[in-house]
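Below: one structure, written as structure tokens.
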Amino acid sequence: MASVTNFNPHGVFLPLFLVLAATATATTRPYPFLPRPRVRSVVQSNYFTNPANAPGILRMHFHDCFVRGCDGSILLDGPNSEKTAIPNQSLRGFNVIEEAKTQLEIACPLTVSCADILALAARDFVVLTGGPWWPVLLGRLDGRISLASNVDLPEPTDSVAVQKQRFAAKYLNTQDLVVLAAGHTIGTVGCGVFRDRFFNYKNTGSPDPTINPNFVPQIQSQCPLNGNAATRVTLDLGSEGQFDTSYLNNLRFGRGVLESDQFLWNDPETRSIVERLLGLRFPFLPFGPEFARSMSKMSLTEVKTGLDGEIRRVCSAIN
């Protein structure tokens, strides 16, 4: 487990006029240095209380950025908000973001957006699992629209071609796709999402033949056919909760839990990227720095600035 001293002591808090025009318009809203230590303190306490918050917040940040951009819309309550969409019903960690927001509102009212808090928290949780630190540019505004009907997230059965299309729509390339998917190194998933693949793949009555035969009983024992669909299992067996390349190595041996993940090894282009991240093919790609780069890039997806957003008083409701 990474110690808290792994946090980079120098936060980068710059307005988003440094962001490419493709992702945002300019903002000159000043930002204090206050967010970094307060968000970090909340993250640390919630990580040590419940380490599952780390993959939970990382996933939440991803889901937020992939629907209407990184604008905190995933945090809004409502009968038809993004939270209510099926892929988001298993998200957890909303209390962590709200706790950080409460502290910041007391110290510095209407200054730090919920979208920025989520971006900072995702980074800080990754660091606590042994992952890389990356600079989080601040200045995002919170969106006012959150609709379940807008949720169109990557599916666990998506082919590589479909995954590429989804990521390209967010200005993310194939290397970003593979690197960000490898965030599953600290992830978990509900049995109901993938169980058919291990018992009745495409109604064949048998497991997916591309799965390593020795891996099948391991998953079947954790996710029995008639067991609780909400039971969660790790996506990186053997290295649970630790940020490393074990998840990528598992793909080499047919031990990917999700079909969409295993496809990354079966496709020649994405396989070569996996091999480079594992140091099996030149030129090598160092996983930690590449993950940091792709996360920083994703966190600037379609951010709200100017009149497009606001700074919420509470993260679960618009002002």
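The backbone N, Cα and C atoms fix where each Cβ goes, glycine too.
Automatic, uncurated: that is what TrEMBL annotation is.
As recorded in TrEMBL:
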type	residues	note
ACT_SITE	HIS63	active site, proton acceptor
BINDING	ASP64, VAL67, GLY69, ASP71, SER73, GLU82	Ca(2+) 1 binding site
BINDING	PRO154	substrate binding site
BINDING	HIS184	heme b binding site
BINDING	THR185, ASP236, ASP244	Ca(2+) 2 binding site
DOMAIN	39-319	domain 'Plant heme peroxidase family profile'
SITE	ARG59	site 'Transition state stabilizer'
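Nearest neighbour of SER73 (Ca(2+) 1 binding site) by Cα distance, taken over the recorded positions ARG59, HIS63, PRO154, ASP236, ASP244: HIS63. Listed in sequence order, the residues HIS63, CYS65, PHE66, ARG68, CYS70, GLY72, ILE74, GLY143, SER146 complete the 8 Å Cβ shell around the Ca(2+) 1 site centroid, once ASP64, VAL67, GLY69, ASP71, SER73, GLU82 themselves are left out. Annotation for the binding-site residues ASP64, ASP71, GLU82, ASP236, ASP244: lowest Cβ count within 10 Å of the residue's own Cβ, ASP244. Each residue contributes its Cα atom, and for ASP64 (Ca(2+) 1 binding site) and HIS184 (heme b binding site) these two points are 17 Å apart. Under DSSP, HIS63 (active site, proton acceptor) is assigned to a helix (H, G or I) in the three-state scheme. For the residue listed as 'substrate binding site', the count of additional Cβ atoms within 10 Å of its Cβ stands at 20 [all protein chains shown]. According to DSSP, THR185 (Ca(2+) 2 binding site) is assigned to a helical segment. In this structure the alpha carbons, written CA, of PRO154 (substrate binding site) and GLU82 (Ca(2+) 1 binding site) are 15 Å apart. When the CA atoms are compared, no recorded positions among the candidates HIS63, GLY69, GLU82 lie within 10 A of HIS184 (heme b binding site).
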